[in-house]
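**Student:** My questions all concern the structure below.
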Amino acid sequence: MENNELVLVLDFGSQYNQLITRRIREFGVYSELHSHKLTAEEIKEMNPKGIILSGGPHSVYDENSFRCDEGIFELGIPVLGICYGMQLMSLHYDGKVERSKNREYGKALIELDGEPVLFKDTPKGQTVWMSHGDKVTAAPPSFNIDATSPSTPIAAISNVEKNLYGVQFHPEVRHTEYGNDLLNRFVFDVCGCTGDWSIENFIDMEVEKIQETVGDRKVLCALSGGVDSSVVAALIHKAIGDQLTCIFVDHGLLRKNEGDDVMKVFAEDFQMNIIKVDAKDRFLFKLEGVSDPELKRKIIGNEFIYVFDDEASKLKDIDFLAQGTLYTDVIESGTDTAQTIKSHHNVGGLPEDMQFTLIEPLNTLFKDEVRELGSQLGVPDRIVWRQPFPGPGLAIRILGEVTEEHLEIVRESDAILREEIAKAGLDRDIWQYFTVLPNIKSVGVMGDARTYAHTIGIRAVTSIDGMTSDWARIPWDVLERISTRLVNDVDNINRVVYDVTSKPPATIEWE
């Protein structure tokens, strides 16, 4: 990114790579994750203040192990090698790396030797997080051994004159007691960064960039009302105003009042050009009689493409398509070390013959940064902090066929759940919460009469990133209020159940 201090992280396949980048940005210093294949010349052109070599799953002795351009070490730019990165640095400078009989994984206690630069003002003994197979058994000549541990005699090294540093542990992981302090020392004391990166100056720079790219031409954006597409629309509108047109497809599978809310915020408050497509009947017709969850997803995804294509083809002189691709999407799909390759299409995978130039202004930001950006742009909290919501909408929160009656039950019950969770002050504490209709009826008694009505399920989970989750311990009195309201205020419900399954073995969504 232009006009900002950059700390470059080279990716060698560690599961913690994104954490390194995140930690640096938390200091107010811009950081990017790039392939380990970058050449020294390419890095020189990027002009970073510092370079971090990440950890990785390989042994340096594996035939296909990842290596970097060794010219990096001669650029005069400070380098911090983490785990595998320290081993590469050691090999380059004639140190010795050996395979360990047993992989070291977990917490370890290190002891400092003297007062190393990166460990300034931290205790002599401290807990760190190890995750390695190989280890450095002889430090390179002219390098100091800064820390040791019982199982890793060389846990940290440095050559202060050359601004080269290495740690065998992972400072980016919270389990490392003084990891943030170590990274902070590297970024500010060694690299000389000032910490001038913020969402505010991101807005200024990105607005200027969009204006230069678009000129007097027009941009199309698929607006769902979700966090990413909403923030993209707000940012681009700030840059080019009426040159932006948004298409909002209401497929009838949204949450209560969601469609109206999107139109109020963006058409009325932001004064954007929005084309709202009421496609409810079209989608429900296609879903009639369909119970298989994967088939439901496929039908909805394909139909969205057709609807969007129909509307886009009516517009004249559109040159650009805006998408809410995030930095996590770029990392997952674009690095050489990615274990799982994903294709990210925020509008569901548009036809290949739609000849637009993509604009992805959020593709250097993480989710929490996007939320902060949205707040800075004036997007209301109720949208910025929206619950994660699947593309197929309420259709996959209904087990079995999607009907008007089933949608109404899920829509009303979900609204009550969200209202009560917010009243209890739990809406920022719980990662995701929603109701699901399992399509099960049971016998009950209401008003002295027998009933035979639907069961509604509540799903609420806590999580850091959605990859794993645990069921949320909602207080009993809150659950009682929710249950009472669901049974009394939603037609055709006489029983409420709470899902107490973690992920794994279950997924967060039921379908």
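Every residue gets a Cβ built from N, Cα and C, even glycine.
Annotation comment: Swiss-Prot describes Cys83 as active site, nucleophile, evidence class sequence analysis. The active site feature in Swiss-Prot is assigned to His170, Glu172; the stated evidence is sequence analysis. Residues annotated as ATP binding site in Swiss-Prot, with sequence analysis given as evidence: Ser224, Gly225, Gly226, Val227, Asp228, Ser229, Ser230. Annotation source Swiss-Prot lists domain 'Glutamine amidotransferase type-1' at 6-196, citing sequence analysis. As annotated by Swiss-Prot, domain 'GMPS ATP-PPase' applies to 197-386, with the evidence given as sequence analysis.
Could you place these features in context, so I can see how deep they sit and what lies close by?
**Tutor:** Using a 10 Å radius centred on the Cβ of Cys83 (active site, nucleophile) and all shown protein chains, the other Cβ atoms total 27.
The Cβ of His170 (active site) lies under 8 Å from the Cβ of Ser14, Tyr16, Gly55, Ile82, Cys83, Val128, Trp129, Met130, Ser131, Thr176, Gly179, each of which sits 6+ residues away along the same chain.
Sequence-distant contacts of Glu172 (active site), defined by Cβ-Cβ distance under 8 angstroms and a gap of at least six in the same chain, are Tyr16, Leu19, Ile20, Arg22, Arg23, Ile82, Gly179, Leu183.
Over all protein chains present, the Cβ of Asp228 (ATP binding site) has 20 other Cβ atoms lying within 10 Å.
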**Student:** Which residues of the same chain, at least 6 positions away in sequence, have a Cβ lying under 8 Å from the Cβ of Ser224 (ATP binding site)?
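**Tutor:** Same-chain residues close to Ser224 (ATP binding site) (Cβ under 8 Å, separated by 6 or more) are Ser230, Phe248, Val249, Val262, Gly391.
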**Student:** Which one of these binding-site residues, Ser229, Ser230, has the sparsest Cβ neighbourhood, judged by other Cβ atoms within 10 angstroms?
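**Tutor:** Minimum Cβ neighbour count within 10 Å, taken over the binding-site residues Ser229, Ser230, occurs at Ser229.
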**Student:** Can you name every residue in this chain, apart from Ser224, Gly225, Gly226, Val227, Asp228, Ser229, Ser230, with its Cβ inside 8 Å of the center of the Cβ atoms of the recorded ATP site?
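**Tutor:** Near the ATP site, the remaining chain residues are Leu223, Val231, Val232, Gly324, Ile383, Arg386.
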**Student:** Which site among Gly225, Gly226, Val227 has the most other CB atoms no more than 10 Å from its CB, taking these as binding-site residues?
**Tutor:** Val227
